[in-house]
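Colleague: Pasting in a structure now, in structure tokens, and then I'll have a few things to ask.
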Amino acid sequence: MEREEEKRVSTLQQSFHHSKEPTFLINQAVLFGESHSSFLPEIERDNRGEKIKTNPRKNRPGTVILSKQSSRRIMSGSQPRPPVIPSRRPGFRVCYICGREFGSQSLGIHEPQCLEKWRVENSKLPKHLRRPEPSKPPPFSGSGSYSLQAANEAAFQSSQAQLLPCETCGRTFLPDRLLVHQRSCKQKVEGPRAPSLDRSDDLAGLKKVSSGITTRPRTVICYICGREFGTLSLPIHEPKCLEKWKVENDRLPREFRQPLPQKPQPLLTGQPKHAGPRQGQLVSCPNCSQTFAPDRLPVHQRSCKAQPSGPKVQDLTLGSRGGLKESTNPKPQRNMAAPPVTDKPKMIRRPPTIVCYICGREYGTKSIAIHEPQCLKKWHNENNLLPKELRRPEPKKPEVRTITAKGFYDLDALNEAAWTSAQSQLVPCNICGRTFLPDRLIVHQRSCKPKVAK
């Protein structure tokens, strides 16, 4: 009986050992089996009790080895939201010149290079856009994140102080970028009204703007060339511009020479009046009536040709009796300060085009002869790639018939015949009936499906 009991205990120990369960369960299982075994002698129980008493260090009743599942349950129960420690961001510092962030070690290398770059770019700007050199904010005596944040805020404000507002839209830019922006920034038509100097509320608004933001100095228009200059630059520019105007005016033909432009009187309302003399110097073209500067008119007349008209139109003026009489002035007035007033509206004649009989597109009279051989060669290549049932016969060029006694082609009839020839190559789709070029019909038929009758 004792041997059987020992075998049973040894098998229990092996099974618990292989299952990797807590070790204290083995003793409980053994004790549980001993408590229910009525046939074991009392001496054996006493001996086991002595073994437990004699070896108290080997058995650790206070420690428990937990499995992975039980440990997760206990941790989730005791700590439902474990604390998350964020990774500490390194202390970045803001450059007081450009406003970008750099590491504490990199900032000492960056600032001298950034200041040198700032000086180079500032020296390239016009004088009225140049800014004073930015000053580095004083270091803060405190320590910790508060002093770092205050230093970065002061550096950022120093970099933002260099921005200049656009006079048109009010947005702020760096001085070198403001010039680029002003090329494309145009004032809105329905913008706010311009403040007049007579109203007290407008004067108060101007004082607020001038006290808050440093605006770009106003520009004045040159009465000779019409360009804008600063108030200090204009007195230097005007004598040079007038000298240049005299040289160019002397080179012109006599009928195009203009009188010396007179400087307008200074007015409080200022700038719009300066453009008056510049507009008065413009000369109109006798062919198209457009106005140009005198030196630009000969350049324009090289390409501007009078519109061909059939019968010569006589210059008719109203007589005293209400009838029409022919003008007695044989010479056309070429030196006109304003365009002539005519009852007929200006008609811009489109250059004549010819339709290609192969592709149906329009080309100029010179380009069509270059295009047609290339288009026909391309047509042959594409036609050979088609299936045999979709190949078309070669398109024929329509006959060109000249009108008797005039010697030029009837372009309308020629284009109509070429368009008909190009349209005859289209093939209808057998499903929807739409017409396509043969190479496009194959692509269309992949997605064309018959409509399902309702």
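Cβ coordinates are placed from backbone N, Cα and C, and glycine is handled just like the others.
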Colleague: What range among 11-40, 281-310 does Swiss-Prot describe as zinc finger?
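Modeller: It is 281-310 that Swiss-Prot describes as zinc finger.
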Colleague: Pick the one among the binding-site residues Cys98, Cys185, Cys222, Cys225, Cys375 whose Cβ has the fewest other Cβ atoms within 10 Å in this structure.
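Modeller: Per-residue Cβ counts within 10 Å for the binding-site residues Cys98, Cys185, Cys222, Cys225, Cys375 bottom out at Cys185.
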Colleague: Cβ under 8 Å to the zinc finger (425-454), counting only same-chain residues 6 or more beyond its ends: which ones?
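Modeller: Residues packing against the zinc finger (425-454) from afar: 358, 382-383, 385-387, 390-392, 395.
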Colleague: Can you grab the distance from His237 (Zn(2+) 3 binding site) over to Cys429 (Zn(2+) 6 binding site)? Cα atoms, rounded to a whole Å.
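Modeller: That separation, Cα to Cα, works out to 72 Å.
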Colleague: Whole-number answer please: how many Å between the C-alpha atoms of His444 (Zn(2+) 6 binding site) and Cys225 (Zn(2+) 3 binding site)?
Modeller: 60
Colleague: What three-state secondary structure does DSSP assign to Cys185 (Zn(2+) 2 binding site)?
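Modeller: Going by the DSSP assignment, Cys185 (Zn(2+) 2 binding site) belongs to neither helix nor strand, so it counts as coil.
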